[in-house]
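These notes are about the structure you will find just below.
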């Protein structure tokens, strides 16, 4: 049975790691970690959220003897602190592949919830209903996260991430925010009021926008894993894909600037107060032209700063187009830039309804506005319930209704998602992890796994180390591990 262990990358290997062949290019590894909220309605007596989560994970515990496991598609499934089930996608080379893996996580969580619901109904009422929320704030005001992971070349200093990337991450929420109804009005993000630091290595005693804890899950001399905490959980497929795609292009420009010792174009974008800027961006609809103060003393609107990033990336593409194109197997640079340009133009015009088929906050705003027109006496509590239904991946109806009526863009089909549930990406080390986990489960072997280690613990101990996340070809030690199965 599998056991989970944490991987401390710097002590992984007895010999010096072989530098990745991708170190000199623009290829990247993408990943998304999503914490889900759980609740039960319709029960005859209260059901603790922690009990619900444990009931959901009972099949996992029965199979793996743990609430932490890796799946045959290369992903990690585990029960996080408290009652939040979490799914971390397998390593992907393309935002589209990462999107498919993220949607596979929704599928897995939904199935776990519906199985647990049948069990709960035996004890708590035939009407007991489990809700699994892909959002970031619960009704008690507790925040939980959606974290993006990007493999970044280590020669880029953390100070540069804070000063050149963070302003982009804050203002990209104009089109990636999930939106939230609050007693004080509608915000375009979910977590702005909960993030209090720009960068930090802690995530418990503080709530940073970017986590700097050094766990690259790769050669630590070549790469760091950028752990982005600012960002909402998205139902919109377009938003999940878009936030990964545009962030990749900005990171490419930053990396190339440090590689060559040239300006990136983002040197003067740092905010004087990132947390204050984040809160202002979240209230974009209150004042779309609100000015944000930069460290230089200059003031600029969120949209104005996004246009600066867009212009700098466009100029970068003109001289690096071929190299950038080869960095993404399934997404074209033309598509990313076209979508970016169109969304900025729509925001400039105030044409928020034009974004309602792809941007979560715009979709929710359209729904709330229509509801208030039909029912002027609608209460905040009723709108809050509608919002929760939008985020409920287990028993919610609203988002599914939007997609079935083509009011929300879908980039992947149901077959694409079903494939991602059972299969890892074929061009990263996730392919090897998935192959090992699938084989070990099929024969009932005792094994352990993490992002960089695969270990057979009985009847004989064998181990394979997968330090290069880009490498999908079996190593001799991996082949020996598989033969031992």
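A Cβ is built for glycine as well, from the same backbone N, Cα and C atoms used for every other residue.
As the structure is a computational prediction, the values presented were derived from the model and not from experiment.
Taken verbatim from Swiss-Prot:
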type	residues	note
BINDING	33, 78, 86	Mg(2+) binding site
BINDING	76, 89, 451	ATP binding site
ACT_SITE	80	active site, proton acceptor
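Residue 78 (Mg(2+) binding site) sits 12 Å from residue 89 (ATP binding site), counting Cα to Cα. Annotation for the binding-site residues 78, 451: lowest Cβ count within 10 Å of the residue's own Cβ, 78. Compute the center of the Cβ atoms of 76, 89, 451, which mark the site for ATP; besides them, the chain residues with Cβ within 8 Å of that center are 31, 33, 70, 74, 75, 88, 90, 91, 430. In this view, the densest Cβ surroundings among the binding-site residues 33, 86, 89 belong to 89, judged by other Cβ atoms lying within 10 Å.
For the residue listed as 'active site, proton acceptor', the nearest of the binding-site residues 33, 86, 89 in terms of C-alpha separation is 86. Put simply, the two farthest-apart Cα atoms among 76, 89, 451, the recorded binders of ATP, are 11 Å from each other.
If you take the Cα of residue 89 (ATP binding site) and the Cα of residue 33 (Mg(2+) binding site), they are about 6 angstrom apart, rounded to a whole number.
Under DSSP, residue 451 (ATP binding site) is assigned to coil, being neither helix nor strand in the three-state scheme.
Of all Cβ atoms in the shown protein chains, 17 besides its own fall within 10 Å of the Cβ of the residue listed as 'active site, proton acceptor'. Compute the center of the Cβ atoms of 33, 78, 86, which mark the site for Mg(2+); besides them, the chain residues with Cβ within 8 Å of that center are 34, 35, 76, 77, 80, 85, 87, 88. In the three-state DSSP scheme, residue 86 (Mg(2+) binding site) falls into the strand class.
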